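Taking it in order: structure first as C-alpha cells, then the write-up.
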Amino acid sequence: LRDNRIELVRASWHELSISVSDVSLSDEGQYTCSLFTMPVKTSKAFLTVLGVPEKPQITGFTSPVMEGERMQLTCKTSGSKPAADIRWFKNDKEVKDVKYIKEEDANRKTFTVSSTLDFLADRNDDGAVLSCRVDHESLNSTPQIAMQVLEIHYTPLVKIISSNSWPEEGQTIILTCESKGKPVPEPVLWTKDGGELPDPERMVVNGRILSISFLNKTDNGTYRCEAKNPIGRNSTEYVLIVHDVFNTLLPTTVIPSLTTATVTTNVALTTSTTTSATAISARDPNALAGQTGPDHALIGGIVAVVVFVTLCSIILLGRYLARHKGTYLTNEAKGAEDAPDADTAIINAEGSQVNAEEKKEYFI
C-alpha cells in the first residue's frame, strides 16, 4: 500500500498494524496481509465504507402562502450509502402520505434520496413547523433534520360576544367583535340593519367593542360586525331583542297580590260567608279575583224540591192505605152488633144463619 493517508502503527515479528485517515469510498475493498514464510501465509479482510448523507434541504416553499393553495415541499439528501431514509413531521407528528424517490449518483456508489409532501394550505397550519428527518446507519442514531415554519395568510374569522344574554329596557349591553386573520384585520365596522348606527350618543364604538346604554325597544334589530384584511373580508350578525321589565315581573308579583285580596274580601263580607270563604281558601289558595263560592240559592231550591217530592209521596201512600177496608159482616149478620152475647146475636141476626161464614171484601 502506498498512500500518504496510510500509516504504519505497529511492526514486529508477530504483528503489523496500519491506520487509514480521511476514509473515502475509494478505500472500500479487500485488504490482504501476507507472512513471507515457506510457504507464504496470507489473511484477507473486506472493508466496507458507508456513504454519509448530506444535510437535507427543503425546497418548494414560498412565503407567504394563501389559504387554499396547494403546496409541494421536497426534502432531498445526497451521498448516502446505502440509501438513507426520509420522514416528514408536522409539529412532532409524523405525516405518512408522502412520495419517496431514490436515485443512484454518478459514481454509482452512493444515492440521492428525496421525499415530496403535497397538501392544501389551511389556516390551522399557520405557524406549524414542518420537519424533514434523515435517518442513516452512519449517523450513529443522531438524525439530520431540516425545518420549515409555515406562514399562511387567510381572511378574517369574525365572532360577536354579548355581555348580556337577556337584555332588558334601561340596561347596558356590550357587544365585542372578535376577528382573527393574517395579516391582522383592520378596525372592524359596526352597522345596524344595513345602515349606520342610529344613535351615536348611546351607541359608542371603541375599537372592536360596541356599547349600547339605556336600552329600549327601538334598539331591536340586527347588528353586523365586518372585518377585512388584504386577503379578503368577512362578517357576522347579532340579533338584539330588548325585553320588557314589566312582563318579566308580572308572573311573580301581580298574581299573588290578587290572590291575597280575594281571600280577605270574602272573609270580611258577612258572618254567614266566613266558613265558605275559609273553605274556598283551604281548597284553592291560589284562587284568582272574581271566583266565588257555591250558589246557596241553587242549593236551597234543590233541597226544597226534594222535600216537596217526599211529602207528596207520603200523602199518596197514606191515601192508598186508607182505602183498604177492614173485616165486616155480611147482610145475614145485620142486627147482631148490639147483642149482649153470641147466642142472642145469632137469634137476632137477619136470616138466622147460625153458622154463617165471615167474609172479607175489598174496595177496588
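Here the Cβ of each residue, glycine as well, is placed from N, Cα and C on the backbone.
It should be emphasised that the depicted structure is a prediction, and the values quoted were computed from it without experimental measurement.
Annotated features in TrEMBL:
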type	residues	note
DOMAIN	56-148	domain 'Ig-like'
DOMAIN	156-241	domain 'Ig-like'
TRANSMEM	297-317	transmembrane segment
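Residues in the domain 'Ig-like' (56-148) partition by DSSP class (helix H, G, I; strand E, B; coil) as 6 helix, 55 strand, 32 coil. For the domain 'Ig-like' (156-241), residue counts in helix, strand and coil come to 3 helix, 49 strand, 34 coil, using DSSP. Averaged across the domain 'Ig-like' (156-241), pLDDT for the predicted model comes to 94.
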